[in-house]
C-alpha cells in the first residue's frame with residue numbers, strides 16, 4: 001500500500017518531467033537566444049546561457065516596427081473572432097445535439113464535410129467574395145469568414161450530447177423557452193469545453209498568418225504573425241530579434257491559457273458530480 | 001399547444017443555425033465550387049475573369065488528366081503517406097500518454113498543463129528555426145543525445161533524403177502533442193470514475209484498467225483525433241515550407257499542399273492547382289469514409 | 001448507411017453551390033459593370049480614388065498613388081520614406097501611399113490582388129516575375145508616357161532599361177540593380193600564401209586558391225558558391241554553354257559544356273571539399289561562415305556590402321567573378337511597373353520615373369548603400385566608388401561588361417525549381433552530373449511549354 005502510494009506519484013513526475021523537458025527545450029533556447037547580442041549568435045559550441053545578457057533584440061523590434069500596434073490589432077481580432085465563433089458554434093451545436101428534426105444528420109454531415117477541403121482551395125474564391133462585399137482590407141473582412149467553424153461545432157456538439165436530457169426535459173416542463181434553456185442550462189454546463197475551445201480558437205486566430213496576409217494590406221492593420229514574418233524576411237539572420245518578437249507574441253496566449261486553467265478545474269469537478 | 005411548441009422549435013432551429021449556415025454558404029460552399037469551376041480552366045490566377053474574351057479557357061478534364069498521368073503526383077502522394085505512417089501512431093501514443101498524465105490531481109498539474117501546451121502556442125516560424133538547429137548534424141542536441149544514449153552517429157536530418165521527413169515528423173509531434181492531449185483530456189474527464197473504482201476493487205492493475213476501460217471509453221475521442229490527424233496530415237504545409245525551404249533534399253519533403261501552393265502562387269497555374277486540390281479532397285474524403293466504416297470495429301459509443 | 005449519408009450530403013452541397021454560384025455570378029456582373037464605369041470601390045480609402053479618370057489629367061487636382069513594394073522593408077524603409085518626401089515636395093498635388101510587404105509574402109499577395117482587380121497603382125517586381133506579369137497583360141505600356149514627357153532615356157543604364165521591356169513594349173522602369181562579385185577574405189589569402197584574385201582570373205586560378213585555403217585547417221573552407229539554379233545558368237555561360245537554344249525553342253540542359261560545369265561544382269563539394277557540404281554547414285548561413293572568418297571566397301551580390309562593412313572584422317575585398325571560356329556575371333534588377341487599370345496612371349508614372357531616374361532618389365540610394373541606382377549620372381556614381389571597403393569597388397562596374405540575364409520564359413519559376421531539384425541530387429552525389437542533367441532535360445521538356 002505504502003509502496004504504491006509512493007510509486008504512483010514518482011512515476012507521474014518522472015514521465016511528466018521527461019515530456020515537459022521535451023516540450024521546453026526549444027522554448028528555453030528561444031529565451032536564451034532572445035537575450036543574446038548579435039555577435040554571440042553564431043558562437044560554437046552553442047551557448048545555452050548567454051554570457052552577457054543583452055536586450056538588443058527587444059529594443060530593435062519596438063524601434064523599427066509598429067509592434068505595439070500589431071499586438072493591439074491581434075488582440076482585438078482574436079478576441080472578436082473567438083466570441084463570434086463560440087456564439088455561432090454553440091447555437092449550432094445545441095441544435096445538432098438536443099433538438100430532433102428531420103434531416104438533421106445530413107445537415108450536420110454537410111457541415112463536417114467542409115472540414116476536409118484544404119484552405120488553399122478556397123482562399124482565392126473567398127477573397128473574391130469579400131471583394132464583392134467590399135470588405136477587403138478591413139477587420140470585418142478578416143472576421144466574417146471565421147463565423148463558420150465546423151471543428152468548434154463538432155466539439156461542442158459532442159460535449160452537449162453528454163449533458164443529460166433530464167435537465168433539458170425538466171426545464172421544458174417548467175415552461176422554459178428554448179433560448180432560455182440554451183442560456184441557463186446548456187451554456188453554463190458546457191463551460192469546460194467552451195474554455196478549451198476558446199483557447200484553441202483564440203490561438204488559431206492569434207497565429208493565423210495566411211489569411212490576414214491576403215486580406216489586409218495596410219501597415220496599420222497588420223497583425224503579429226505578419227509583423228513576425230516581415231521581421232523574418234528582413235532580419236532573417238538576427239535570431240535574437242526574431243526570437244524576441246516570437247516570445248512577445250506568445251506571452252498573451254500563455255497568460256490567457258494560465259487564466260483559463262480555472263475553468264478546466266471546474267471541468268474536472270463536474271466530471272466527478274455527474 | 002402542440003402547434004405553438006412546434007413553431008417555437010423550428011424558429012429556434014432556424015435562428016440558431018442561421019449564422020453558421022450563412023458562413024457555410026458564403027465562405028465555404030460557394031468558394032469550394034468556385035474552385036471546382038476554376039479547376040476546369042487554364043486560369044493563371046492573375047488575369048481577372050472575362051468569359052466573353054475567353055479568359056480563362058475551359059479545358060475540361062485537361063488538368064486532372066495531366067496530374068494523374070504525371071509522375072510528380074504519385075511521388076508527392078508517397079511522401080505524404082510516408083509522413084502519415086510515421087506521424088499518426090506517434091502522435092496518438094504521445095498525446096494519450098500526456099493526457100493520462102494530465103488527468104491527475106497532483107499539485108504541479110497546472111504547471112505541467114501549461115508546459116505541455118507551450119509548443120502549441122509557438123508559431124511555426126519560431127518553431128521551425130529551433131528545430132532546424134536541434135536537428136542539425138554536428139551541433140544539434142538530438143544527435144548529441146543519440147550518440148550519448150545509443151552510440152549512434154545521427155544523420156544530418158533535414159539535409160538527408162531519407163531522414164528529412166522523419167525530422168519533420170519529430171518537430172510536428174513536438175508541436176501538436178499538447179493540442180491533442182488537451183482534446184483527449186476532455187475525453188478522459190468524461191469517463192465516469194465509478195468504472196475505475198469498480199475495477200480497482202476487482203484488483204485490476206494499471207495496464208488492465210488502461211486497455212479495458214480507458215481505451216474503449218476513450219475510443220470515440222481517439223477516433224475523432226485520428227480523423228483530425230489524417231486530415232491535417234494530408235494538409236501538411238507550414239513546417240515543410242519553413243523547415244526545408246525548397247521542399248527538402250531532392251524534393252523528398254514535397255507534399256500535396258506544398259505543391260498546390262507552389263502551383264497556385266509561384267508558377268501561376270491556378271487552374272492546375274485547383275484540380276490538384278480537388279484530387280486531394282477526394283483522397284481525404286475516401287480516407288475519412290473508410291475510417292467511418294472501420295470505426296464500428298473498435299469505437300465504443302457509450303449510450 | 002454512413003456512405004449513403006455522405007452521398008446525400010454531397011448532393012446537397014452540389015445543388016446549393018450551383019444555385020449560389022449562379023446567383024453570385026449574375027449579381028457580380030452588374031457590380032463589375034458599375035465599377036468599371038469609374039466608381040471607386042469602398043475598400044479604397046476615400047481619398048485614394050475619388051477622382052474620376054479625367055481629373056488625373058488636371059494637375060491641380062490632388063491624387064493619391066498607391067505604391068506596393070518589397071525592397072523598402074526594415075532597415076531600408078527610411079530611405080524609401082526620404083524619397084517619398086522629396087517627391088511629394090516636388091509634386092504637391094500627388095500623395096504617395098506606400099505599402100511595404102515582406103519579400104517572402106509579396107508575390108502571393110500581389111497575385112491575389114491583381115486577380116481581384118485590387119492591385120496598387122504602381123508596384124515593384126523582380127525581373128523573373130516581371131516577365132510573367134508582362135506576358136499575362138496586367139501591366140501598362142509606359143512608352144506613351146516616355147513620349148509625352150520627352151523622357152531622356154540616356155539617364156538610365158540601357159541594359160537595365162531594356163530588361164523591362166517584353167515583346168517590344170516597355171512595361172517598366174528599373175528601380176535599382178545589383179550584380180554579383182567574388183568577395184574574399186584577404187587575411188586567409190595571406191595565411192595560405194595564395195595570390196589575390198584579379199579581374200583576369202579563370203576557374204583554374206579560382207579553384208587553386210580555394211584548395212590552398214582549404215588546406216589551412218579542418219573548419220576553414222575555400223569557397224562558397226551554391227549549386228542552385230541561379231548560379232548554374234550563369235556558370236554554364238562562363239563555359240560557353242546555355243540552358244536553352246538560341247531562339248528559346250528547346251532545352252539544352254545536358255550539353256557537354258553544362259555537364260562539365262556541373263561536374264566542377266560537384267567536385268568542389270564532394271571531391272576536393274573546398275566548399276562545405278550541407279552537413280558541414282549544418283544550418284550556418286554562408287554569409288555567417290564568411291563573417292566568422294572560416295571562408296576564403298564567397299560569390300555573392302553587392303547587397304552584402306552594407307552588412308559586411310558593419311560586421312566583418314578582417315580585411316576583405318572584391319574582384320570580378322572568374323570565368324572559364326568567357327566571363328559571365330549576374331544581373332539582378334527590380335523593376336517598377338504601373339497597373340494596367342490604374343486610374344491615376346499619369347501620377348503613378350511621375351512617381352516611378354522619380355524613383356528610377358531622378359538624381360535625388362539615386363543620391364539617397366548611394367548614400368544608404370541600398371543596391372545601385374540604375375542611373376548614369378557620373379557624379380552620383382563617383383560618390384558610390386569612394387565609399388570603402390571594399391577598396392576595389394570599381395569591380396562592380398567592371399562586372400557590368402559581362403552581364404548575362406536569366407533565361408526568362410513564361411514558366412520561369414517552375415523551370416528553376418525543377419532544375420534546382422536535379423542539381424541538388426548531383427551535389428549530394430545521389431546521381432552523377434550527367435545523369436542529373438539528363439533527367440532534368442527530360443522533365444523540363446515534358447513539363448515546360450516553350451512558346
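Cβ atoms here come from the backbone N, Cα and C positions, even for glycine.
All TrEMBL annotations are machine predictions without curation.
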In TrEMBL, which of A:52-74, A:75-97 is tagged transmembrane segment? A:75-97
Beyond a gap of at least 6 residues from its ends, the CB atoms lying under 8 Å from the transmembrane segment (A:75-97) belong to 104, 107-108, 111, 139, 142-143, 146-149, 152-157, 159-161, 163, 182, 186-187, 190, 194, 197-198, 201-202, 205-206, 212, 223, 252
Surrounding residues of the transmembrane segment (A:181-203) on its own chain - C-beta under 8 Å, 6+ positions past either end: 78-79, 81-82, 85-86, 89-91, 94, 98, 149, 152, 155-156, 159-160, 163, 167-168, 171-172, 253, 256-257, 260, 263-264, 266-267, 270
Where, among A:106-130, A:142-160, A:239-260, do we find the most CB pairs under 8 A to the transmembrane segment (A:12-31)? A:239-260
Take the transmembrane segment (A:142-160) and find every residue of the same chain, 6 or more past its ends, with a Cβ under 8 Å from one of its Cβ atoms. 77, 80-81, 84-86, 88-90, 92-94, 96-98, 108, 111-112, 114-115, 126, 130, 135, 186, 190, 192-194, 196-197, 201, 205, 211-212, 215-216
